[in-house]
Amino acid sequence: AVCVSLLGAANIPPQHLNLYQFKEMIRYTIPCEKTWGEYADYGCYCGAGGSGRPIDALDRCCYVHDNCYGDAEKKHKCNPKTQSYSYKLTKRTIICYGAAGTCGRIVCDCDRTTALCFGNSEYIEGHKNIDTARFCQ
């Protein structure tokens, strides 16, 4: 099945452009019946914060993404949540543009890797909105 998403740029707050771009990548890679928001509070790492061990492959995608953003901040002095970048969604993959080592390219590669990981990982309904105090220590 092919999902078609009509995305308008008029309502994008500039300070959150990267999050919009990441959301668009996720929409491109996940199954049609899912929404990007279903990934925002999943497991121990998908969403704000994170602790403990990832509970499955999908949660591991978010764990790796958190660490990738952490490296971008610490090693490269980037701000991943506001950093915009150039990319293309084409032929079932995502292409990041920009010179290697630039903040835009580093953050794009973090988001690209995670979005593709989401597309290749099973979504387990029981891992949405879990009790993180109990399962993520």
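Including glycine, each Cβ sits where the backbone N, Cα and C put it.
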If I go by Swiss-Prot, which of Asp56, Asp66 binds Ca(2+) at the same site as Tyr45, Gly47, Gly49?
Asp66
If you look at what Swiss-Prot says, which of Cys3, Cys32, Cys44 makes a disulfide link with Cys136?
Cys44
Just confirming the record: what cysteine out of Cys96, Cys103, Cys108, Cys110 does Swiss-Prot connect to Cys78 via a disulfide?
Cys103
From the disulfide entries in Swiss-Prot, identify which of Cys3, Cys110, Cys117 pairs with Cys68.
Cys110
According to Swiss-Prot, Cys46 takes part in a disulfide bond; indicate which of Cys32, Cys61, Cys62 is its partner.
Cys62
In Swiss-Prot, Cys61 sits in a disulfide bond; tell me which of Cys3, Cys117 is on the other end.
Cys117
Distant-in-sequence Cβ neighbours of Cys62 (disulfide bond), under 8 Å, six or more positions away:
Tyr39, Tyr42, Gly43, Tyr45, Cys46, Gly47, Gly50, Pro54, Thr114
Minimum Cα separation from Cys110 (disulfide bond), reported as the residue among recorded positions Gly49, Cys61, His65, Cys96 that achieves it:
His65
Other residues near the Ca(2+) site, CB within 8 A of the CB centroid of Tyr45, Gly47, Gly49, Asp66?
Cys44, Cys46, Ala48, Gly50, Cys62, Tyr63
For Cys78 (disulfide bond), which residues of its chain lie six or more apart in sequence with Cβ-Cβ distance below 8 Å?
Ala72, Cys103, Ile106, Val107
